[in-house]
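Since the structure comes first, as structure tokens, the remarks are kept for the end.
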Amino acid sequence: MRCPYCGGLDTQVKDSRPSDDASAIRRRRICPDCGGRFTTFERVQLRDLTVVKRSGRRVPFDRDKLQRSIDVALRKRPVEADRVERLVSGIARQLESGGEAEVSSEAIGELVMEGLKALDDVAYVRFASVYKNFREARDFEELLGRLNGAGRPGGEPEPPDEAAPGPAAAPGEGGEAPARRARSRA
């Protein structure tokens, strides 16, 4: 494998192990020419997929592009990297094992939305707003209404929790001041 630092062709594998979900082999490599160290991943690719865009244009499926689009939706969200990797691997595996050499970008978008909905509601809304090309606040309201009504009979939103506290009273008005969360200094 070519060294990404100096272009040398004689790199050596120093460590090799399966990834956490066993869907890839992680290899730690070193270049004897420059001493550079880097990591590669080896994954099974069942077939070469072609993505059919909305315009009709055909492009090769790019797993890294799928990863990047999910990463953008999940930016600054508390989701572990291994859960994101499992989502990306699951979508790629589902597409590759689907039996079709061509897959529409809409089908990929729907799989991503389905996966993000199970992973993180905020990321789901972020992705959906771009994927569905939201133009007005009403588009968000409709999506949030469907999201809040999911899983309830008739799609009704959850009723407010009776045990949930109301707005906190201001200090000195007979209520307690809201608790402050400790900040981590990372």
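Using N, Cα and C of the backbone, Cβ positions are placed for all residues, glycine too.
Note that this is a predicted model, so its numbers are computed, not measured.
Counting same-chain residues at least six beyond the ends of the compositional bias 'Basic and acidic residues' (12-24), those with a Cβ under 8 angstroms from any Cβ of the stretch are 30-32, 37, 41-44, 82, 85-86, 89, 93. Residues annotated as compositional bias 'Basic and acidic residues' in Swiss-Prot: 12-24.
Sequence annotations record features per position, and here Swiss-Prot assigns domain 'ATP-cone' to 49-139. Within the model, the domain 'ATP-cone' (49-139) shows a mean pLDDT value of 86, rounded to a whole number.
The region 'Disordered' annotation in Swiss-Prot covers 1-24 (among others).
Sequence annotations record features per position, and here Swiss-Prot assigns region 'Disordered' to 146-186 (among others).
Taken from Swiss-Prot, the feature zinc finger covers 3-34, and the record attributes it to sequence analysis.
Note: the region 'Disordered' (1-24) comprises 0 helix, 8 strand, 16 coil (DSSP; helix = H, G, I, strand = E, B).
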